[in-house]
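As recorded in Swiss-Prot, the features of this protein are as follows:
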COMPBIAS  35-46  compositional bias 'Basic and acidic residues'
CARBOHYD  N61  N-linked glycosylation site
CARBOHYD  N100  N-linked glycosylation site
CARBOHYD  N331  N-linked glycosylation site
REGION    1-60  region 'Disordered'
TRANSMEM  73-93  transmembrane segment
TRANSMEM  108-128  transmembrane segment
TRANSMEM  143-163  transmembrane segment
TRANSMEM  166-186  transmembrane segment
TRANSMEM  197-217  transmembrane segment
TRANSMEM  225-245  transmembrane segment
TRANSMEM  299-319  transmembrane segment
TRANSMEM  335-355  transmembrane segment
TRANSMEM  379-399  transmembrane segment
TRANSMEM  407-427  transmembrane segment
TRANSMEM  435-457  transmembrane segment
TRANSMEM  475-495  transmembrane segment
Amino acid sequence: MKDGEETPSVDGSTSASNREKLGTDLEIGPVDLSDGGKEEKVKDPNLVDWDGPDDPENPLNWTSKRKITATCSIALITFLTPLGSSMFAPGVGQLVKDFNVTSTELSSFVVSVYLLGYCFGPLIIAPLSELYGRQYVYHVCNILYVIWTIACAFAPEIGSLVVFRFFAGLAGSCPLTIGAGSIADMFVQEQRGGAMAAWALGPLIGPVVGPVAGAYLAQAKGWRWSFYVLAMAAGAITISSLFSIRESYAPTLLARKTKKLQKETGNMNLRSALDTGRTPKELFLYSIVRPTKMLFRSPIVFLLSLYVGVIYGYLYLLFTTITSVFQQQYNFSQGAVGLTYLGLGVGSLIGLFLIGATSDRLLNYLAAKNGEKKPEYRLPPMVPGAIFVPISLFMYGWTAYYQTHWIVPIIGTSFLGTGMMITFMCVSTYLVDAFTNYAASVMAANTVFRSLAGALLPLAGPKMYAVLGLGWGNSLLGFIALAFCALPVIFWIYGERIRTSPKFQVTF
């Protein structure tokens with residue numbers, strides 16, 4: 001497909017799924033002939049492309065079993081690495097005593113530094129995946145994740161633990177960075193919503209489940225056991241993924257096909273239909289610049305990434321403070337406090353069910369009604385999802401402040417889980433649909449913003465609550481979230497105009 005923000009169209013009668021399956025055959029361009037104005041494509045005989053729209057080697061045409069197996073493997077990895085971001089949080093109190101840490105900022109940072117790895121990882125991983133393909137990047141990052149997690153388990157002091165956590169986050173950012181790209185490789189637009197829902201479960205449910213398991217592990221075995229369990233689980237998933245994850249990136253597959261045909265035929269003039277003509281060094285540099293360029297040249301990418309970053313920051317602020325809130329306000333034990341995270345988990349599952357059941361159906365309904373598929377058709381569910389976020393913060397903050405029954409603030413956090421899941425899913429599918437060719441890059445830009453907020457915002461949490469209290473502290477966050485509620489409406493109305501405006505075109 002050509003560079004740009006929309007999937008290029010050929011004519012009004014060609015479906016989006018057929019355009020994606022045909023690949024560059026549809027992009028060579030129509031030639032106007034004299035016989036009645038009919039159009040015919042002229043194909044270079046040295047151009048190596050898919051063997052027609054139904055080529056089984058094209059990941060869009062893989063069997064359902066193969067797609068589901070790959071998606072489940074990617075979803076498992078995407079669940080595990082965010083799980084590692086928060087599983088350690090309930091054991092921080094033990095670590096503080098073991099390492100004689102007196103700084104509250106440092107005790108928060110040892111949790112959130114993992115997300116700094118999420119910030120820098122995508123800037124390297126996304127270009128590598130678009131240069132060398134998805135498969136090898138997954139495998140290398142999975143192995144590195146296991147190594148750094150084991151290092152965390154044996155960290156001798158706080159400084160080394162911070163460093164090891166950073167590198168674990170760096171490697172662990174892989175599935176969050178290129179997972180959406182893998183799904184875009186395998187699923188056409190009208191099937192993408194359900195697959196994206198399965199993949200998105202990890203980054204949102206993983207951090208919620210982590211503290212529940214981590215609290216009981218820390219109480220029973222000590223804080224290091226969080227890392228032992230993570231390393232064992234990651235090792236098992238890494239081994240299974242060696243067999244279940246196959247290369248799905250079309251440019252890489254066509255490049256391999258081209259090399260094979262060159263060897264078989266001796267025709268060195270053969271070239272991939274998706275070959276840009278750039279050297280690997282040029283491609284890598286372009287790919288590194290691409291996420292940053294998309295982030296700062298496209299208002300859509302910037303504002304939606306900022307919004308998701310704010311919500312993700314709120315999530316991790318809760319992770320680093322909810323333990324002290326329920327221990328101080330409600331006298332919960334270390335084990336019991338882990339259960340307070342279940343409100344976020346239940347809310348996220350509700351949000352996942354709602355968006356998974358409606359995203360593709362709504363897209364197809366609006367497309368049938370209006371005669372074409374638009375990325376903006378992913379946005380309507382985001383309106384109620386955005387409203388749930390400030391409701392959650394107001395409810396959680398004031399009920400915890402006045403020490404109402406403990407179930408009420410937990411119910412309040414469930415609204416954050418629901419709103420967060422719906423918002424994250426709508427934003428992810430919208431960006432992937434709008435930037436399908438560069439799905440990994442646009443999600444890298446989104447992940448960087450999201451992770452930066454998740455790493456830094458929790459550092460301000462303890463002082464904010466100390467100055468403003470639980471009520472007004474969370475209300476401040478709620479008012480900020482309330483201001484962002486206008487975004488889905490703005491992009492529903494003006495999104496297409498912004499995407500297609502020459503002023504905001506992102507070219508490479």
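Note: Cβ is positioned from N, Cα and C throughout, glycine not excepted.
Contacts between the transmembrane segment (108-128) and the transmembrane segment (166-186): present, as 3 or more C-beta pairs lie under 8 angstroms, all at sequence separation of six or more. The most densely surrounded of the glycosylation sites N61, N100, N331, judged by C-beta neighbours within 10 angstroms, is N61. Residues 69-70, 72-74, 76-77, 80-81, 83-84, 87-88, 91, 134-135, 138-139, 142-143, 145-146, 149-150, 152-153, 213-214, 217-218 of the same chain, all 6+ positions outside the transmembrane segment (225-245), place their C-beta atoms under 8 angstroms from a C-beta of that stretch. The stretch from 166-186, 197-217, 379-399 that makes the most Cβ contacts under 8 Å with the transmembrane segment (73-93) is 197-217. Contact between the transmembrane segment (197-217) and the transmembrane segment (379-399) does not hold: fewer than three of their C-beta pairs are under 8 Å, each pair 6 or more apart in sequence. Below 8 angstroms of C-beta separation, residues 311, 314, 347, 351, 354-355, 358-359, 362, 408-409, 411-416, 418-423, 425-427, 430, 470-475, 477-479, 481-482, 484-485, 487-489, 491-492, 495 of the same chain, each at least six residues beyond the ends of the transmembrane segment (379-399), sit close to that stretch.
In this structure the C-alpha atoms belonging to N331 (N-linked glycosylation site) and N100 (N-linked glycosylation site) are separated by 24 Å. Remote same-chain residues near the transmembrane segment (435-457) are listed as 1-5, 7, 20, 85, 112-119, 122-123, 125-127, 129-130, 169, 173, 176-181, 183-184, 189, 287, 290-292, 294-295, 301, 304-306, 308-310, 312-317, 427-428, 508 (criterion: CB distance under 8 Å, separation of at least six residues from the stretch ends).
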